[in-house]
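*Asks:* Features from TrEMBL:
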type: BINDING; residues: THR59, ASP267, ASP269, SER270; note: Mg(2+) binding site
Amino acid sequence: MEDKFIGAFLGAAVGDSLGMMVEELPIDDVIEFYGEPVKDLMVPHPSSPSYFLRPGENTSEFEIITLVAKSIIDRKMIDIKDIIEKYIQWLENSQVHTYVDPHFLLAIQSILEGRDIEKGGSTVDHALPAIPIGLYHYKNPYLAVEAAKAVCMLTTRNELVLDVASAICVAISELVQEKFYLPDENEYFVKHLKNFTFKNETKHYLNKVINLLKEDADYEKAINELGNGSFVLESFSQALFIFLKTPHDTETVIVKAANSYGYYGGDTDSIALLSGLFAGAYNSEESIPERWKENLLKKEYIIDTAKKLYQVALH
């Protein structure tokens with residue numbers, strides 16, 4: 001099981017680092033600069049919001065995940081107060097927050113100043129704390145869902161975000177335990193995730209994922225049907241579709257997700273982060289190519305975090 005935790009973290013990290021190179025860039029700009037779709041960890045495109053990062057470096061979105069994981073490791077439980085303290089330290093100490101949703105930072109600032117947060121943002125950034133929580137509670141997705149909602153509500157009250165956070169928790173729980181035989185049980189898997197969501201809009205997006213998989217739709221059609229922006233339902237459903245298209249091929253999943261920019265650009269780092277998370281959790285660490293692992297700048301720290309989270313997880 002430990003290799004599943006490591007696979008989840010490394011898959012998410014690689015997806016984030018590969019996707020950030022071409023974030024918000026249309027296909028023409030990507031091909032002009034790289035000559036082909038991206039498949040190796042290289043310098044970000046000069047027009048990427050993460051242009052200043054080094055090859056193999058991770059964005060603030062991945063930092064949110066490791067931040068919550070570190071709190072769980074330190075406290076050996078999900079401690080809301082400690083997570084708040086770590087959020088505030090991160091806000092005050094980090095020199096640059098690479099393109100994270102401003103609503104996320106404003107919410108932390110509101111906590112610091114003792115003000116109530118507003119409804120908050122609807123981007124996928126707010127749902128990312130669900131990832132380490134889903135791993136910690138992998139044996140009990142019901143507990144994971146409640147804990148993830150509590151933590152995500154620190155930065156947003158958006159019900160679509162809370163739906164997606166719930167679905168992420170449940171997906172991780174089922175994938176690390178291999179409870180579904182994918183792709184044969186793709187439809188049952190997505191319907192299972194639907195059972196943990198409440199908003200009709202969320203269920204509608206998950207139904208679209210099922211229908212696209214049934215008709216064996218190509219990646220371009222999925223971008224047109226689901227969208228590929230930072231809106232939480234777009235990035236989550238796109239990542240889920242890409243993973244379930246080739247669930248046993250982690251490399252293909254991450255490459256396709258990182259190149260899900262379409263004709264107008266997209267939130268490729270978030271999409272690839274989630275797709276890589278799902279594939280790594282399902283297929284374990286050994287499914288991730290060595291060239292990617294070796295070029296991740298914080299590979300050892302990421303692996304160490306995954307191992308420590310596994311040690312404190314409720315088995």
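The backbone N, Cα and C atoms fix where each Cβ goes, and this holds for glycine too.
Caution: TrEMBL annotation is automatic and unverified by curators.
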*Asks:* What residue among the binding-site residues ASP267, ASP269 has the most other CB atoms lying within 10 A of its CB?
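*Replies:* Selected residue: ASP269.
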*Asks:* Indicate whether SER270 (Mg(2+) binding site) is helix, strand or coil by DSSP.
*Replies:* helix
*Asks:* Could you work out which of the binding-site residues (THR59, SER270) has its C-beta surrounded by the smallest number of other C-beta atoms within 10 A?
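*Replies:* It is THR59 that, of the binding-site residues THR59, SER270, has the fewest other Cβ atoms within 10 Å.
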*Asks:* Where does THR59 (Mg(2+) binding site) sit in DSSP terms: helix, strand, or coil?
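*Replies:* In the DSSP reduction, THR59 (Mg(2+) binding site) maps to coil.
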